Amino acid sequence: MGAAARSLRLALGLLLLATLPRPADACSCSPVHPQQAFCNADVVIRAKAVSVKEVDSGNDIYGNPIKRIQYEIKQIKMFKGPDKDIEFIYTAPSSAVCGVSLDIGGKKEYLIAGKAEGNGKMHITLCDFIVPWDTLSSTQKKSLNHRYQMGCECKITRCPMIPCYISSPDECLWMDWVTEKSINGHQAKFFACIKRSDGSCAWYRGAAPPKQEFLDIEDP
């Protein structure tokens, strides 16, 4: 093989390596409004993690053991979920595969949304809504009790750039990224998308229950 051919093969090999996904890129999530996270989750709780360990969780198709991280938690309040308290939370062992890291020791409280596994267990990923409790606004905390649930039939559409539009009356346009370059902006912190009596949806601000006039069509 000539030098030119060897150089070409080397260049092609390097190009292939450069285009392969890196482990850190393996977990990719689309931003969601807190209300969407609430509505999409099976379980939403306020809790502390008290201990952690790695456990086997069955085998893959090749017979190799599947490892997961198990957090033993102390549930403080359940906003959505089964009648039984959640005792254990499971997640993947690495952030590269969307695993979540929680502080243990029982001091830091979290709002945790995820998928139910039954028997007091749930599973979480980096794509779920998991944030320290003390970072939530007072409106977000109060909306967990009832407000977000009122809008689960509505659709929140994120606007990544101007122009953007809604395609149906049951949508609310989420503008935080355009107006504040953040997914944790004003609409995320202080607004919920609520269905009105005619089936349309609109942003509602505040911690107080929506007025009947708002539900019966009133500009927010």
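Note: Cβ is positioned from N, Cα and C throughout, glycine not excepted.
Residues or ranges marked as Zn(2+) binding site in Swiss-Prot (evidence: similarity to another entry): Cys27. The disulfide bond annotation in Swiss-Prot covers Cys27-Cys98, Cys29-Cys127, Cys39-Cys152, Cys154-Cys201, Cys159-Cys164, Cys172-Cys193 and is backed by sequence analysis. Taken from Swiss-Prot, the feature region 'Involved in metalloproteinase-binding' covers 27-30, and the record attributes it to similarity to another entry. Taken from Swiss-Prot, the feature site 'Involved in metalloproteinase-binding' applies to Asn40, Ile61, Lys67.
Counting same-chain residues at least six beyond the ends of the region 'Involved in metalloproteinase-binding' (27-30), those with a Cβ under 8 angstroms from any Cβ of the stretch are 95-98, 125-127, 158. The sparsest Cβ neighbourhood within 10 Å, among the listed recorded positions (Cys27, Cys154), is found at Cys27.
When the region 'Involved in metalloproteinase-binding' (27-30) is classified with DSSP, helix, strand and coil residues number 0 helix, 0 strand, 4 coil.
Sorted by the number of other CB atoms within 10 A, the recorded positions Cys29, Cys39, Ile61 start with Ile61, the lowest. Across the structure, Cys164 (disulfide bond) and Cys172 (disulfide bond) are spaced 11 Å apart at their Cα atoms.
Under DSSP, Cys193 (disulfide bond) is assigned to a strand (E or B) in the three-state scheme.
Geometry remark: Cys193 (disulfide bond) versus Cys98 (disulfide bond), CA distance 28 Å.
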